[in-house]
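Here's what TrEMBL has on this protein:
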{"type": "ACT_SITE", "residues": "A:46", "note": "active site, proton acceptor"}
{"type": "ACT_SITE", "residues": "A:57", "note": "active site, proton acceptor"}
């Protein structure tokens, strides 16, 4: 059974997904970071594939992408590093990245490699639904990869229904009209949007991301969904860290305990 | 046939590869742009502003001394005489009217050399709209007079500090700001790039160039079609406008001129069709200069307006289908052509446009051929570059 399916079958609330950029802060940190995330108690790991032009990301993740590319990270190297993934990590792992590096790698080769190393799902924010359905869905299915689409406060109800129909795994609710990393308190308008989508009784579970950074925002997001995704705030922890294992443990424990 | 399909593709190129956060904005445009553009009220306002504000129709000028030198009948389409000094304003006039019809309150734009930024700031002043222009920090340094022109016109100029701090990064930043302000803001893209419907919409606003060429050639030559049309291509909006009404006239050769920088294979070039592979940037699939790993490569051209790692999807299709002929001109040759046109015709061309003139040295044609070169902009903005080059 796909690990994402299994997770959502067993756990219905306060699911924590942690995003980091592959190759950041150091090229060889990938598995160390992943092991630390798992042992600290998070539920899902999202590995960001660095890209030169991340148009949905704020300064923090732009910077981690740049640094990772400077360090020499490539998709090929990432798959090399992930060869031992399933000896070290048992929770669901998702690859998140912009479409171009994936297309250059070759979508079929990419999906095959994902399956080989034990990736469970994909988030490709600039892959249009239409292209997914007509060109790639069959491949994703063949290699047992869950595909997550995003929705935002501006997404129309009809479109949300359509996305729900073609997502498997979970729906990624972007918390506000914003790129990643914007840190504000969660507003009543945002809560109203979380509740509006909750009331639609979608088929897929919902995780809330963008702007979730600490215990209060994680708790608020979790109160209106199945859990939340933390990215930029975690990247900040990695950047400042002198002891990855310890700092990752303390940060994640500070959110979920 | 060169025609965009209902999903925004020209052959395999185009489409709308955008994060879901931009979907409502793009969908609103896609659903409305054609009906708005075709409405009589829009046409009337657009045509009247092009005439009385921009100064259209721009002349089609028979360049006698240039014709004599190159042995063909060479006409110049004088887009350099447009208000603000280049063809860019044809598009910004169209998009600002469209933005008003969509009840938008704010305008954002990206700019490289600053020509599109100035054209956007200009129409925003004209219409009383708030205007923010994103510009690479490096370009702001290189193009100070245009930064001040935008500020004089009332626009806010925001430096893009990511990546190489040039046009590509300014475009990234404008897209990010559109994600952050999805409801009240319209993004005026300056070229035939970006997600559908931008490439087609911008091409249609620029198509006034070839529409006028047909009428003017009929008057001067007794026929609407020239034998060749030559235009420079960065993103490719002036070329798209100059080619538009000739796409489906197979007798008209369409010559697209890219910037070869210091040499096509020097590692300092912007010759996208020669160096690029299909890829996705700024919302569309096109030919793209990139590494084997799919990271976008920084281009180089002496002309900031051609300094872009991609190319409009319609041009990628012209290239792939063989309908267009693509030529690459090095910095040095473009500069020489700029001086030659200045000396022979008394017109200092923008360095972008100078690339188009230099193509005359690379292509074959007959003495009886009628050639139209799209003189997309004037060289005032490039005086510093001409002076630094110094070889005149």
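Note that Cβ sites are derived from N, Cα and C of the backbone, with glycine treated the same way.
Nobody curates TrEMBL annotations by hand; they come from automatic prediction.
The Cβ neighbour count for residue A:46 (active site, proton acceptor), using a 10 Å radius and every protein chain shown, is 26.
Here the C-alpha separation of residue A:57 (active site, proton acceptor) and residue A:46 (active site, proton acceptor) works out to 15 Å. Counting every protein chain shown, the number of other Cβ atoms lying within 10 Å of the Cβ of residue A:57 (active site, proton acceptor) is 28.
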